[in-house]
């Protein structure tokens with residue numbers, strides 16, 4: 001039996017930009033992606049701590065060290081700069097493997113979006 005578990009999580013990161021006229025996605029600083037074991041084009045779930053919105057999109061790699069977290073396209077309507085969000089991805093795995101699996105979780109500084 002396979003189950004879906006949290007694979008990666010960026011916990012409490014600040015939205016720096018919202019670009020409604022882009023083709024959809026979330027742009028994230030490459031340092032955060034590496035630390036959380038996330039890659040470009042990976043599907044992610046977003047939770048907005050400020051307004052309770054929950055939605056899915058995919059990742060675009062942002063400039064390393066920039067602290068960028070930009071919601072693009074329709075997702076730009078779900079959060080605004082300054083909002084605190086959580087970014088999560090999931091993986092399917094065997095039930096027994098899932099019992100011992102440890103997700104990659106990072107807790108960036110919400111003022112700078114840099115790793116602490």
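Yeah, the Cβs are placed from backbone N, Cα and C, and that goes for glycine too.
The feature active site, schiff-base intermediate with substrate is assigned by Swiss-Prot to 25, with sequence analysis given as support. Here Swiss-Prot flags 25 as pyruvic acid (Ser). Here Swiss-Prot flags 57, 73, 74, 75 as substrate binding site, drawing on sequence analysis. The active site, proton donor annotation in Swiss-Prot covers 58 and is backed by sequence analysis.
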Exercise for review: Rounded to the nearest Å, what's the C-alpha distance separating residue 57 (substrate binding site) and residue 25 (active site, schiff-base intermediate with substrate)? Just drop the number here, would you?
Suggested key: 5
Review point. What residue among the binding-site residues 74, 75 has the most other CB atoms lying within 10 A of its CB?
Key: 75
Point to revise | Beyond the site residues 57, 73, 74, 75: chain residues whose C-beta lies within 8 Å of the centroid, for substrate | key: 24, 25, 26, 55, 71, 72, 76, 77, 78
Point to revise | Cβ neighbour count (within 10 Å, all chains shown) around residue 58 (active site, proton donor) | key: 15
Check your understanding: For residue 25 (active site, schiff-base intermediate with substrate), what is the secondary structure state per DSSP, taken as helix, strand or coil?
Key -> strand
Check your understanding: How many other Cβ atoms are found within 10 Å of the Cβ atom of residue 25 (active site, schiff-base intermediate with substrate), counting all protein chains shown?
Key -> 20
Practice item. Would you identify the secondary structure of residue 58 (active site, proton donor) according to DSSP, in three states? Key: strand
